[in-house]
């Protein structure tokens, strides 16, 4: 009886958590819907008097709005990609691993299994990166997300504003969403500013539209400042071919810690996210190369480009086995096992 109550309570808490996780997304959606109403109706259709200015404002606004909402949708509903079956322990291997009581023997079992897989990163202690929750050997750059309760390929962070884990499958869409968000706020702020001044000076009648226009400029500027900082940070990460987790915790390879282990050079780093075909860079369709399980590494390119070897090495990494607290979209949320 008591066990049944505990299970019911646990299920209820999980359900509440899933519902509450959509609150940040709902807030963003409501703000965007209000901004659409305020800009299209209160500014363009009521406040702006010139027909030509109305048309120009509306055309450019809707072009940006379409890409803004499209990339936001893709960031939310593109599911995180998980490691394929060959990285999971077989039933026999799992049974052997769990029944083995000696830690050193368990580590050696994982080393033997990892020899068959394209994995080159290790924990801070040099052990094979193994997730005892998903029962798999983690591919390079893969981490366990405590919020999504799964291992995510090339995990960057868990973002509450899209209620999704950002990783290999949707990092391009997330970057595009940030870019179009910045452009959306900038466009609204620049086109609203002149009417804000007119309302402020009393050159326009004090009607209901005044409050929408004034508040629209304030909200656009507020979001622009926060978004441009976040977008700039992720642009820096892309230029170095890093994830947010790798920026906070240096990856460890079989040869030791290497902060620039995946840095292939500026252009190739960008191509690792957006692909080789530049015509797809601005469109939210999947174009990232590879399957998310393995990635070209700096050490494999040094023989072709000796200049890469001249950069300074980074500091040693701390142990890979740690829990990361849940945070904002600019912070990593994951649980290493």
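Start at 1 and count along the chain as shown; that gives each residue its number.
Backbone N, Cα and C atoms are what each Cβ position is placed from, and that goes for glycine too.
Annotation source TrEMBL lists compositional bias 'Acidic residues' at 312-321.
Taken from TrEMBL, the feature compositional bias 'Polar residues' applies to 327-337.
Annotation comment: TrEMBL describes 129-247 as domain 'Palmitoyltransferase DHHC'. The average pLDDT computed for the domain 'Palmitoyltransferase DHHC' (129-247) is 95.
Residues or ranges marked as region 'Disordered' by TrEMBL: 293-337.
Counting residues 6+ beyond its ends, the transmembrane segment (20-39) has Cβ neighbours under 8 Å at 61, 65, 68-69, 72, 76, 147, 160-163, 188, 192, 212-213, 215-216, 219-220 in the same chain. For 20-39 (among others), the entry in TrEMBL reads transmembrane segment.
Taken from TrEMBL, the feature transmembrane segment applies to 55-73 (among others). Long-range neighbours of the transmembrane segment (55-73) within the same chain, counting only residues 6 or more positions beyond its ends whose Cβ lies under 8 Å from a Cβ of the stretch, are 28, 32, 36, 39-40, 43-44, 48, 162, 173, 176-177, 179-181, 183-184, 187-188, 191, 282, 284.
With a threshold of 8 Å between CB atoms, the same-chain residues lying at least 6 positions outside the transmembrane segment (177-199) that come near it are 35, 39, 43, 47-48, 57, 60-61, 64-65, 67-68, 71-72, 74-75, 162, 206, 210, 213-214, 216-217, 220-221, 223-224, 227-228, 230-231, 234. According to TrEMBL, the transmembrane segment annotation covers 177-199 (among others).
Here TrEMBL flags 211-233 (among others) as transmembrane segment.
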Sequence-remote partners of the transmembrane segment (211-233) [C-beta within less than 8 Å, at least six residues beyond its ends]: 31, 35, 37-39, 42-43, 47, 175, 178-179, 181-182, 185-186, 188-189, 192-193, 195-196, 199-200, 329-330
